[in-house]
Amino acid sequence: MNAATTYSPPYHRRHHQHHHFQLPPPQSQPSIVSIPTQKSILDLLNSKPATSSLQSLAQIHALALKTGHFHDHFVSGTLLKCYANPRFHNLDSAIQLFRNVPSPNVFVHNVLIKACLDNGEPLQAVWLYYELMMNDAKPNKFTYPTLLKACGDGGIVAEGKQVHCHVVKLGFAGDGHVKSAGIRMYGYFGMAADARKMLDDEDDDDAVCWNAMIDGYFRCGDVGSAEEVFDEMGDLFDEMPDRDEISWSVVIDGYIKSGFYKEALEVFNTMQSERIRPGKFVLTSVLAACAHLGALDHGRWVHAYVRRKKKSIVMDAVLGTALLDMYAKCGRLDMAWEVFESMKEKEVFSWNAMIKGLAMHGRADDAVELFFEMQRRKFRPNGITFIGVLNACAHSGAVEQALKLFDSMENVYNIEPEVEHYGCLVDCLGRSGRLEEAEELVNSMPIEPNPAVYGSLLGACRIHGNAELGERIGRLLLELEPNNSGRYALLSNIYAKAERWDDVAEVRKLMKERGVKTNPGSSMIELGGCVHEFKMGEGCHPKMKEIYSTLKVMIERLEMEGYVPNTSQVLFNIEEEEKETALQYHSEKLAIAFGFISTKPGETIRVVKNLRVCDDCHSAIKLISRVYGREIVLRDRVRYHHFRDGTCSCKDFW
């Protein structure tokens with residue numbers, strides 16, 4: 001009931017509705033107005049209006065004040081939790097409310113500490129703990145899991161160690177939730193030894209703590225130790241399920257975050273063989289691995305599994321977004337769109353993923369249209385949305401559209417452009433050949449350009465053969481990122497294109513002196529649920545002899561159709577014939593040859609490459625698609641290329 005509304009008895013409301021009034025019989029008793037109880041206030045606070053509307057919440061707040069229930073710490077704490085809901089972006093109001101709670105107890109403090117963490121303010125959470133200690137409101141075992149996580153998220157090592165001391169002093173060190181939070185905190189700090197010591201301090205067979213230790217090792221980059229602990233768990237728990245779904249999820253997620261995507265899928269396959277049913281969180285991680293590897297068959301299996309288990313696995317916004325992202329990154333934009341359209345729950349990140357998918361496939365017009373459609377559906381774009389739509393413009397050369405969108409960020413949407421947005425615009429201008437404007441934008445940025453911004457400009461110099469600007473930007477990047485092999489390769493490429501072989505040799509010498517290793521090109525193709533990886537110069541694949549033979553026949557046929565190798569990007573001053581041989585064995589050509597001998601005529605071949613496809617391979621694959629009547633879908637580091645009938649979807653703009 002709205003506290004501001006005067007109560008009127010039922011017969012009064014009937015009179016108002018029907019415009020006639022009749023006095024009640026004399027014996028009738030007047031209606032009694034019931035005063036809301038604590039339970040009824042709490043029921044209101046847990047209702048949908050309180051969690052979806054600040055206006056409704058304010059009305060319940062007024063009612064709690066009017067009836068005196070605000071002084072009940074359980075009521076005020078629950079009210080505080082509602083105000084601090086991250087979807088309201090209203091943490092300041094929650095803190096102000098906290099200041100008006102008379103003598104807040106530990107429950108109220110705990111609610112606000114967690115609220116600060118949920119709203120991305122871990123340092124504020126730690127400060128509130130300090131206030132709790134000053135107010136003599138003794139912390140309890142529910143205080144510390146959140147507080148330790150806040151220390152880890154905030155990267156405050158000294159304070160984290162002090163909180164750990166408090167945990168030991170107050171006797172909470174043996175609590176499984178507190179202990180696992182402490183282990184995770186040390187993992188966030190990169191202090192694996194301290195995390196392991198905390199695990200070993202007391203005998204503890206709690207799987208939550210062991211899962212936290214595995215996660216800690218992965219965060220510290222110690223993949224081997226993470227694997228050992230995971231194996232240990234299988235030996236320890238003889239009287240309970242060895243490794244539950246969470247254990248497997250932690251390992252799969254750890255592999256993915258460490259860049260071991262194939263290993264993540266292998267663990268997932270083992271998990272299924274041990275009859276552990278994967279839940280939503282595991283499936284979301286697996287879809288991320290599929291997306292990176294281009295493992296479409298694995299991704300389809302996950303989609304089919306979700307459909308079969310629709311009663312137990314709800315297709316919410318997170319899982320749906322992971323699924324559409326997988327399809328988009330595996331080259332099936334049609335399936336991504338189908339998933340997006342069928343999603344009953346969408347969040348801003350769902351729209352962002354679809355816009356990004358359209359962008360990487362060069363569908364700028366569709367991406368921009370979806371950008372406006374999300375607003376018609378009452379979803380407000382954020383900074384990530386603009387990165388997606390600006391990238392779409394960059395991949396299609398829609399410079400004017402990009403400039404309009406960039407200007408609208410502050411003027412229309414009140415979003416201050418960050419360095420990533422400037423990088424997108426520099427990339428868009430540079431790809432379109434407007435190098436002077438791109439350089440002018442870099443020099444006039446109100447924030448310090450990062451290496452990625454300069455890298456976009458350097459890439460544009462390579463595309464358009466501007467050796468003078470490329471040399472200047474390239475030399476700057478070699479100082480900013482002395483260990484980034486890609487920068488050396490790009491500058492060498494620019495020198496090689498200009499036939500400045502002495503400068504190419506100088507760059508290679510500098511790499512050797514600094515101990516910089518080249519990131520080798522690799523291409524992956526999934527067939528029959530197995531991901532095959534190819535690298536130039538490696539002959540470890542069991543069908544390598546057949547692959548080389550097939551590739552030789554393919555090149556000979558292409559040459560009969562007029563193919564001439566483009567040797568301008570070979571980074572060695574060697575004979576032309578040697579350059580042609582080097583180009584012949586690029587990883588994407590090896591993967592395509594393997595696809596030819598492993599699939600039926602007419603089947604689509606899908607390849608994922610870790611680097612940008614070179615000019616020669618791009619030209620050769622266009623010709624292969626026409627000569628052999630095959631559709632070839634190639635994802636490189638930047639975007640998708642759909643080759644069909646001798647043309648590419650990028651229209652030679654990439």
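Cβ atoms here come from the backbone N, Cα and C positions, even for glycine.
Owing to the predicted nature of the structure, the values given are computational and were not obtained by experimental measurement.
Copied from TrEMBL, the annotated features are:
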type     : residues : note
COMPBIAS : 11-21    : compositional bias 'Basic residues'
DOMAIN   : 562-654  : domain 'DYW'
REGION   : 1-30     : region 'Disordered'
REPEAT   : 105-139  : repeat 'PPR'
REPEAT   : 206-236  : repeat 'PPR'
REPEAT   : 244-278  : repeat 'PPR'
REPEAT   : 316-346  : repeat 'PPR'
REPEAT   : 347-381  : repeat 'PPR'
REPEAT   : 484-518  : repeat 'PPR'
The repeat 'PPR' (347-381) - residue tally per DSSP class, helix then strand then coil: 26 helix, 0 strand, 9 coil
Helix, strand and coil counts within the repeat 'PPR' (206-236) (DSSP): 27 helix, 0 strand, 4 coil
DSSP-assigned states of the repeat 'PPR' (316-346) in counts, ordered helix, strand, coil: 23 helix, 0 strand, 8 coil
Long-range Cβ neighbours of the repeat 'PPR' (105-139) (under 8 Å; 6 or more residues past either end): 73-74, 76-78, 80-81, 84, 86, 89, 91, 94-95, 98, 146-147, 149-151, 153-154, 156, 159, 163, 166, 170
Segment confidence, the repeat 'PPR' (105-139), expressed as mean pLDDT: 91
